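Visitor: When I checked TrEMBL for this same protein, it listed these features:
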type     : residues : note
TRANSMEM : 82-101   : transmembrane segment
TRANSMEM : 107-132  : transmembrane segment
TRANSMEM : 206-223  : transmembrane segment
TRANSMEM : 230-252  : transmembrane segment
TRANSMEM : 264-284  : transmembrane segment
TRANSMEM : 305-329  : transmembrane segment
TRANSMEM : 349-372  : transmembrane segment
TRANSMEM : 405-423  : transmembrane segment
TRANSMEM : 429-448  : transmembrane segment
TRANSMEM : 460-481  : transmembrane segment
TRANSMEM : 487-508  : transmembrane segment
DOMAIN   : 517-567  : domain 'Cationic amino acid transporter C-terminal'
TRANSMEM : 546-564  : transmembrane segment
Amino acid sequence: MAVGEVADGGGGVRRRGCTFQTNDFFPEESFKSWENYGKSVMETPYRLKDRLLKRSSDHAELVEIKARSGNEMKKTLNWWDLMWFGIGAVVGSGIFVLTGLEAKQHAGPAVVLSFVISGISALLSVFCYTEFAVEIPVAGGSFAYLRVEMGDFVAFIAAGNILLEYVIGNAAVARSWTSYFATLCNKNPDDFRIIVHNMNPDYGHLDPIAIGALVAITALAVYSTKGSSIFNYIATMFHMAVIIFIVIAGLIKAKPENFNDFTPFGLHGMVSSSAVLFFAYIGFDAVSTMAEETKNPGRDIPIGLVGSMTITTAIYCLLGATLCLMQNYKELDTDAPFSVAFSAVGMDWAKYIVSLGALKGMTTVLLVSAVGQARYLTHIARTHMMPPWFALVDERTGTPMNATISMLIATAIVAFFTNLSILSSLLSISTLFIFSLVALALLVRRYYSSGVTTKRNQVNLIVCILLIIGSSIGISAYWANSSEHKWIGYTIFVPLWFLGTGALWLFVPMAKKPKLWGVPLVPWLPSLSIAINIFLLGTIDKKSYIRFTIWTGFLLVYYVLLGLHASYDTAKEFDQSIHSHGSDQKVAKQWNKMEQGAVEQDSSFAPVSN
């Protein structure tokens with residue numbers, strides 16, 4: 001038993017969340033005594049090899065692993081909910097700042113095309129996430145997908161980084177929430193903060209308003225996923241109304257001559273800008289963690305995720321065009337571009353509407369992030385790589401209460417003390433790293449299946465993947481270190497990318513096809529997603545790589561000392577139970593029932609054949 005409690009009929013536990021009992025945190029055999037732990041540590045090389053080589057399965061993630069939460073998450077979401085969750089997660093306050101910054105310094109009016117490029121890039125990642133979310137509709141998102149295709153170790157390192165990204169990102173948004181709230185009240189943000197003069201200024205501006213916003217959002221996320229969806233829908237609709245106002249009011253004041261010099265910084269500037277603007281699209285991965293609560297994953301997830309990304313790209317392009325038509329790109333303000341642009345055309349009062357829209361946008365970003373990060377932690381805890389107490393789902397609300405509140409506490413501590421400039425400088429490579437891994441995992445899923453793929457095809461697959469990754473790194477490095485007039489490097493690396501992708505397409509037979517919905521043009525689109533994400537990784541600052549290295553080092557230490565032994569014991573216990581006749585029949589029956597139900601639900605939604 002995972003947490004030392006009474007089992008229910010599904011093999012899990014039934015208990016209200018946020019309560020503690022004996023063995024809630026480390027119930028595994030390795031932690032029963034110091035002697036057991038010592039023996040486990042001595043077996044570390046063998047156990048690490050086992051966890052590196054063994055992969056999970058769709059079967060295990062959908063049936064046995066999910067049952068460890070005790071209670072089922074309520075299936076209350078449809079495509080409409082997911083689409084608005086996607087828009088709410090992505091369209092935050094950043095768009096009101098990034099647009100002016102990139103238009104003035106890197107792209108000019110061509111920032112519109114930069115948004116198109118970055119939107120297409122994000123859509124490629126959305127495709128990869130969508131196929132996985134349809135095939136493996138569980139709360140773990142990328143953690144579950146990587147666990148199935150690349151093993152526990154890779155999945156844990158990736159998920160640990162995305163959790164830190166959520167904590168840092170949400171803390172930054174919460175601090176920004178205070179700043180925009182102060183603007184609405186005609187106050188300075190520090191008027192709402194507690195200044196501790198004998199502390200370092202970077203940590204001495206305590207922010208109780210940020211804590212209040214986080215607590216209110218988390219209370220809603222804990223209470224009901226459907227309630228969160230309704231609130232998100234209302235708030236996002238209000239946000240859309242503000243954006244429509246900005247576009248209409250701005251275009252009324254438009255000056256077409258501002259578009260005369262459309263690409264003042266050339267192609268290099270436009271593409272470099274798209275690399276920065278890609279971060280305005282981050283957040284959709286949180287929606288994939290809601291697949292477990294979706295009524296009809298085969299239909300709802302593709303419509304919800306792809307639909308939200310398409311709408312978001314259109315919104316961003318409209319806002320970029322409006323801003324550059326209102327005011328010449330050379331005169332744009334880099335801190336509050338829309339507010340200053342409206343003041344320049346005699347509409348100073350509009351800055352309050354812009355601030356209110358940004359405030360609403362940040363609120364929905366915090367909400368969707370609170371929902372998504374808790375589900376990541378829940379599924380990690382189901383595997384016992386984190387203490388299983390975090391995996392418990394509350395019986396009454398049908399939400400992962402323990403994980404949600406724990407992530408709130410971590411985020412609130414960071415937001416309360418840490419200056420926004422410090423948080424902003426910690427923008428990490430985690431998201432792009434995981435996007436690359438998910439696209440890579442999709443190629444592995446399609447072209448490798450144990451017992452099906454021959455040794456020769458395995459070698460061919462590895463060679464093709466190495467060519468794709470190596471050429472992508474070459475393109476990224478060459479772009480970062482050469483001027484826009486030097487193309488010789490691209491004549492080497494781009495053909496190598498085509499060679500790797502084309503060889504995979506022509507010479508490695510596909511081992512598995514999606515049952516319900518699949519990414520089109522495999523392997524070309526996933527390979528292109530890998531190339532773009534690696535290209536964008538080359539634009540990240542040094543501090544982010546330092547943070548990534550330090551945090552990944554901490555994750556490695558935790559995994560070797562605790563997570564490895566807990567997950568190994570749990571996997572071993574599961575293997576023993578699955579080989580017993582009764583358990584084997586029971587799990588197989590649950591799996592067959594789930595597969596049959598999925599096919600019946602999605603019979604009207606034809607799968608993509610590749």
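Including glycine, each Cβ sits where the backbone N, Cα and C put it.
Remember, TrEMBL labels are computer predictions, not curated facts.
Model, not experiment: these values are computed from the prediction.
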Visitor: Taking 82-101, 206-223, 305-329, 487-508, 546-564 as candidates, which has the most Cβ pairs under 8 Å with the transmembrane segment (107-132)?
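Guide: Between the candidates 82-101, 206-223, 305-329, 487-508, 546-564, the best contact partner of the transmembrane segment (107-132) is 305-329.
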Visitor: DSSP says what for the domain 'Cationic amino acid transporter C-terminal' (517-567): how many helix, strand, coil residues?
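Guide: Grouping H, G, I as helix and E, B as strand yields 40 helix, 0 strand, 11 coil.
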Visitor: Could you tell me the mean pLDDT the prediction assigns to the domain 'Cationic amino acid transporter C-terminal' (517-567)?
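Guide: Mean per-residue confidence for the domain 'Cationic amino acid transporter C-terminal' (517-567): 88 out of 100.
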Visitor: Could you give the residue numbers and ranges of same-chain residues that sit at least 6 residues beyond the transmembrane segment (230-252) on either side and whose C-beta is under 8 angstroms from one of its C-beta atoms?
Guide: 80-81, 84-85, 87-88, 91, 220, 315, 318-319, 322-323, 325-326, 338, 341-342, 347, 350, 353-354, 356-357, 360-361, 363-364, 367-368
Visitor: Can we call the transmembrane segment (82-101) and the transmembrane segment (349-372) in contact, meaning three or more C-beta pairs below 8 angstroms at a sequence separation of 6+?
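Guide: They do touch: at least three Cβ pairs between the two stretches lie under 8 Å.
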Visitor: Which sequence positions outside the transmembrane segment (429-448), separated from its termini by at least 6 residues, show Cβ-Cβ distances below 8 Å to it?
Guide: 124-125, 128-129, 131-132, 142, 145-146, 148-150, 154, 158, 161-162, 164-165, 282, 285, 457-458, 461, 465, 469, 504, 508-513, 519, 522-523, 526-527, 529-530, 533-534, 536-537, 540, 544-545, 548, 610
Visitor: So, does the transmembrane segment (487-508) come close enough to the transmembrane segment (349-372) to give 3+ Cβ pairs below 8 Å, pairs being at least 6 apart in sequence?
Guide: no
